[in-house]
Amino acid sequence: MASSAPSSSSCTFQAESSFGPAVASCRRAFDFTLYFEEVVFVLVPSCVFILLAATRLLFILRRARRFTTATAATTTSTDTSSSHSCGNAAQNQHTPIGHGLAHHHILQQCTAGLLVTLHVAGLILLCTTVPSRQRTDLSVPASVVAALAFGVVPVLAHFEHKRRRPSSGPRSSSLLVGLFLCVAVLLRAPLVRTHAALYGSGSALVAVEIASLVLQLVLIAVGEVSSWAADATSNFSPEESAGFLGRSFGSWLWGTFVTGYRTTLSLDSLVPIDSSLESRIVATSFDHILPVSPSGKPGKNGQYRLLLALFRSLGLYALAPVIPRLCLAGFTLAQPFLASATINYIGNGPAPDRDGYGLIGATFLIYTGIAVSTGWYWSLSYKNVTKIRGGLVDGVSQKMLRLSQQHGTESKVLTMMINDVYRITSTLAYAHELWVAPIETAIGTWMLCRHVGPPGLVVLGIIGVCLGTSTYVGKHMAIQQGVWLAAVERRIGATKKMLASIKAIKMMGAGPSVAEALERLRRLEFAASRKFRALIVGTLLSSYSTATLAPVLVFGTYIGATTAAADFSASTLFTSLIWISLLASPLIQLLQIIPSFGAALGSLERIDAFFEKQEFTDERDEATAVDSSCSEKGEKKKEHVSLSIHNSSFSYTDDSEDPILKDVNLVINRGQHVVVTGPAGCGKSLLLQAILGEVAPQNSGSRVCVDGKVAFCSQTPWLENLSARQVVSRFSRDKDPSWTDRVVDACELREFLEAQDPDATIGSQGSMLSGGERQRLALARAIQSRPDILLLDDVLSPIDYVTKKRILRQLFGKSGILHETGTTVVQVTQDHAVAQLADIVLRLDETGALRPYQFPPSQADVEDENGDVDNGAENTRPRESSHTTEAQSGPPEPKSKPTEITDRKVYATYFESIGFLNLVLFIGGGIIFAFCLKFPNVWVGWWTADSSDPDEASHNIGYWFGIYAMLNVLPLIAVAGWVAQLMMLIVPLSGSKLHRKLVDTVSKATFSFISRVDTGSLLNRFNQDLMFVDSRLPLDLFNTAAALLTGIAQVILIGVSAVYVLASIPVLAAVLFLLQHFYLRTSKQLRHLDLQSKAELHTRLSESYQGLATIRAARWQRQVHAEFQAGLDRSQAPVYLLWMVQTWLKLVLNLVVAGLALVVMGAAVGLHQHGSSSGASASASGIGIAFLNLTTLGETMTNLLTAWTSLETTLGAIARIVSFSRDTPAERDVLVRPDSLDHGGGGGGDRAEPPESWPESGGIKLEGVWATYDDDDESDENTDDSGGRPATDVAADGEKHEATTITTTSSTMTTTHYALKDISLEVRPGERVAVCGRTGSGKSTLLLALLGLVAVRRGRISIDGRDVAGVPRARLRGAVHVIPQDPFISVASGNGETIREALDPAGKLGDEEVTDVLQDCGVLDKIVGAGGLAASVSDEALSLSAGERQLFVLARLICRAGGRCRHGGGGILLLDEATSSLDVNTDGKTAEVLRKWLPNMTVLSVLHRLEAALKYDRVVVLEGGRVAHVVTPSESTVSSDIFAFFGRSRSFLESRETGGVSWLE
């Protein structure tokens, strides 16, 4: 190639051999030197790629070897939880790579090979066709290194494809390869341009290089479409199979956006996420966040131990966001240079066109670089915090399974899982801002000083003051957050009690008092958070101080240091302001983050303290480790000993000086059936806890040994909200259907299961079932697991006698399955029928001593030995359950999804909660703040325009600066008042109203609905949703409003300063509208799924904690944890995808800003070049104002997006509250209109509110009652009594009549399952009636019907002649006294309620009378031990057993109703198996207590014991929802049917009447 002789050395080829970087203009205009391009564009990226590729290859090969070893070790094991995993668990399956990916890989390898060939050809042409004088010293080495780098590409791509982690998905193109190819294309293009200029565009070398560039683009495209080939054949994450560009611009999310836009997303329809986020992988990486040997005390490093452990668990991935963050910092800090160059270009007159084109190109590179680096930075940061979330939640669940059950632990776990983990993850997402902010500050200050000199250092002073303030606030914020979260825990604990006891609360009519107690706790919570919220106000005020005060201090110092007449050029002033704004804008965020870090450290400290808690020690393991035999050392072993306890004393607390069980010695051989009995509160359940290892012996030299697999059934059955069939086989690995059939038949569940819908759930803790059905399910589940040792804690007490006798014979009889399998059984019971079949009977007395015992013989024993109990009326018709449930595959959420709740309704609900005046003040405060914040920019524009010509200035600099300083102080005053109003007034006001809305919805919901909803789902609304309302929503609302109003002001300023930009505003508005329209549909659904999936975690944690003893007894922890991990995977997917779509939106908005910047720059350059002739030109001050706002507009829009998307999430919580409140069926206050009632017997009194004294006498009358749990149409047929009335009315004139009239009707109702069918019954005032029947016969339903808790479709129920259908339900339940089956004491733990106030809130009785009641009920000693009547009523303080709780509730009822009844008043008392947990002697005494304290009260009692039933005036037996028998025990002639029902004969009554021996006595 020929060239002209150079005129100087700078214009010869020697100029190309210098580093430059710019080449002399006489050679080429606006270009780099060849040497610079070879070093920077070829050598550096190629060498870096080769080093990184070698490191990656070593990592892949080492990982492949580790996986091969791990696979060999794990293929022999079976995942016991696979049947319970769902949703995104599918991504765990190792789907083989299909033909599409194989063909794609071949194409990629062929393209890469051809590319290497072209590079080798180019190297040959460079050496052969280009003279050495036209090459630099690095031309050939650079080409060799480049060829080597491209030779590594197919090698690395091949190993990424073949040696991938099996669960990680197909990666046909490595991210590293994609990054290198994209960088190589961008950098290689200028080099090809240089070669074309040097060697001619038609040379062979240039042609090969152009072909190489094209082939690189093809290879990039091949890599980008790898995800399309993968999606067709696999179920792997589209993110992992996406290429570099797909990851950079978020194209892998397009499938999610399209699906969300067109259809409704569900947890199962979400795309699989990155396999590195799978819980099993995260748990392995984060396993050391749990202390190896927890000491029960905080760790040595305190809050930093867990923080360091988290980052250590992330490993090098913790540093992944560093590179994109540095790139983002570089692009951001380049903006002032661009602005300064643009202002100089505009202000310095004509300039070459290439300078303008260079500015446009620089604008494109800078703002596009900001967009892409922002996307990468936040995607990598969110991936890390998603891992941290998974690790922390998984760690909390693991730790919970290792702890002993203690009061408050469950609420603490739920609070940590939601509140603390959220605070930690949302804060740690900004972790890298902590180290990059000082770097940006240092560079920005240095550059500021270059413009204004030493006065620029003043900005460091204000930054230091603000940082010190934020650090101080952060330290105290952690303390105040602890105080606040402690109050949250108390409220959550009380709410959990309320939800768990919702049936008892509704029956007792305690809803209003419970709601008031929860509201009181809510108020205490806001009082506890007041200082925390005040600190937030201080934080926000401090964060805005730098942005507003720094310009004033810098310019003031500059003016004072120079002369009073000093003036600024537009370039100096606006460049300085841009640097200050770039310093202040991230500092606003940083100064808000620092206190948040303090709060996050406080949360880490709370979780770490939880991790350090002393763990449950399984004494069985320790004993078995010492000696595999449970026999005494030195003792000749004749029989195999299953369990033994030697010289051991036990108590519920380790520090108790007086053990409950003392010097226990017990040896039980394999196959023995041992019964333990004793009075209430003597320690029977504690003995079982000791055998389980849940409590440790308190004396030295003790020994507890258990040999074999254990199963445990507690007195309160632990059941999960599954179908009944799933419960039975829940933890069974035995797939033998014949064994399952035997267990189902032995537990008398066959007919019950056949009557159930296969998909119907049983409700939280089996709330849709009767007590007997719950216990039988738990018993079947335990036996199904084939235990060696079975521990039963009074599980048969809620079961009717006949069913119980069958179960006893089929389980414990000589042909029973437990006898056949040689299962050792230890059973706590008060039931003599159970004791009959025991090999050993032991009794615990009040002193804690365990002694052999023999029940006295009774006539019942003789009958049971001589006759079969399976005769009589119980076989005359099939048994039916009164608790059949509708098909329910999960908890019944509101019928409409939250997405159906419009935004208008959500905002209206929130604005209604804060009040109209507060709303107006908030909007006004925001507008004032935005105006005050941005108006100084306009003032600066006027200032520079006026000062451009000092001779014509209208005002001196003091005028301009003084007003400028005042204007910059106004935003601080405005923001202080604005935020104070929000945090101190709006937050408690809205939080209280929304909490009350939830409480009212739950308390007023129909019983049939609320009993089917998962407790975890409900609790999630009181926990997570209200946490969003209290802590997230106010800050999100403030940040959204501030960013929105500020952004509007910036756009206005840009448009006013650069008028030509106004033409792009409509286009910008249209783009933003379409963007939000497309984005919001998906993001809203993901937010809902995020909240929904956390409800599942709530449920799993809550259910697991309630069943800890049962789970640990059978060692089901691993399976429970695996299932929790499956639920955590389902929860991680929407969380991660929501963060990713938010990152995508940030990327797109930054690209929009890039487009706006290009419009500004292009118009400015165009007007400068061509506008002089037409008179249209851009002013320097106008461009300065435009760029001053443009440099921060992108960050403003990003902040707006971040705050707005977070606000949408919190508003999603309000949408859930609105949806739940709207779609939850509420009880009607009055079932029918009073004027439509049939007043038979009631006269006209039904039309008015019952008098205060109602019911005065307590008479009850049921006439042809048909009742159902179906509440879809409560009022249906309530006003139509035809067909439901008895044939003849029972007179109400006081004459003696048969108390019960049994009628039949011809009407048949087959469309609805009726729990009560044509019940007619009359109970006279003061009469005591026992209601008996088989399990599920409708006994409890009868009481629920009386209380209006189930729908009475036909018939009539009246009390004292008044139809209860016309009585408000709250009034009805308040007038009837109830003791439910599951005793409920109080939710008010922690708010100061005393035992005295709980027993007699109205103060009707004196302390002596209250003490007498407690003494008669047998719980006075417990109350005295807890601190007397002035002690707290909390469960932790009382420590009552199940039986003692029933006695306490009885005492409370007597205290509240006894005054009236003892002075001649009547009333009604309903007992729903209220003494089922008491021994027979105590049960008998309760009847005497009731007669003593409530002599005139009408009693309707559901019970199972014949001995107790015979103490009542009459006995009613129900079967299949109908009245089967009614007898009066005192009659001389009684039908034998009633005794046949109880498995007794007539002789039993005769022995009772003649003083025969009875074990009751």
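Here, residue 1 is simply the first one shown, and the rest follow in order.
Positions of Cβ are set from backbone N, Cα and C atoms, glycine also.
What Swiss-Prot records for 678-685, 1333-1340 is ATP binding site, and it gives sequence analysis as the kind of evidence. As annotated by Swiss-Prot, domain 'ABC transmembrane type-1 1' applies to 326-599. Positions annotated as region 'Disordered' by Swiss-Prot: 853-899, 1229-1298. According to Swiss-Prot, the feature transmembrane segment maps to 34-54, 110-130, 139-159, 172-192, 202-222, 314-334, 358-378, 428-448, 535-555, 577-597, 969-989, 1147-1167 (among others), an assignment based on sequence analysis.
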Please list residues from the chain of G1333 (ATP binding site) whose Cβ is under 8 angstroms from its Cβ, counting only those at least six apart in sequence.
D800, K1339, V1517, L1518, E1519, A1524
Do at least three CB pairs under 8 A connect the transmembrane segment (358-378) and the transmembrane segment (1147-1167), leaving out pairs fewer than 6 apart in sequence?
yes
Is the transmembrane segment (34-54) close to the transmembrane segment (139-159), in the sense of at least 3 CB pairs under 8 angstroms with a sequence gap of 6 or more?
yes
Long-range neighbours of the transmembrane segment (428-448), counting only residues six or more past its ends (CB under 8 A):
310, 321-322, 325-326, 329, 332-333, 336, 377-378, 381-382, 384-385, 388, 456-457, 459-460, 463, 554, 576, 579-580, 582-583, 586-587, 589-590, 593, 596-597, 600
Short question: which residues 6 or more past the ends of the transmembrane segment (969-989) have a Cβ under 8 Å from it?
526, 530, 533-534, 536-537, 540-541, 544-545, 547-549, 552, 913-915, 918, 921-922, 925-926, 928-929, 932-933, 1030, 1034, 1037-1038
If I count Cβ-Cβ pairs under 8 A between the transmembrane segment (110-130) and each of 172-192, 202-222, 314-334, which range comes out on top?
202-222
State, in range form, which of 34-54, 172-192, 202-222, 314-334, 535-555 has the highest count of Cβ pairs under 8 Å to the transmembrane segment (577-597).
535-555
For K684 (ATP binding site), the number of other Cβ atoms found within 10 Å of its own Cβ:
28
Going by DSSP, is G678 (ATP binding site) part of a helix, a strand, or coil?
coil
Checking distant contacts: for the transmembrane segment (202-222), what same-chain residues at least six beyond its ends satisfy Cβ-Cβ under 8 A?
1, 104, 107-108, 111-112, 114-115, 118-119, 121-122, 125-126, 129-130, 153, 173, 178, 181-182, 184-185, 188-189, 191-192, 195-196, 243-245
So, three-state DSSP: helix, strand or coil for G1333 (ATP binding site)?
strand
Would you mind pulling the DSSP three-state label for K1339 (ATP binding site)?
helix
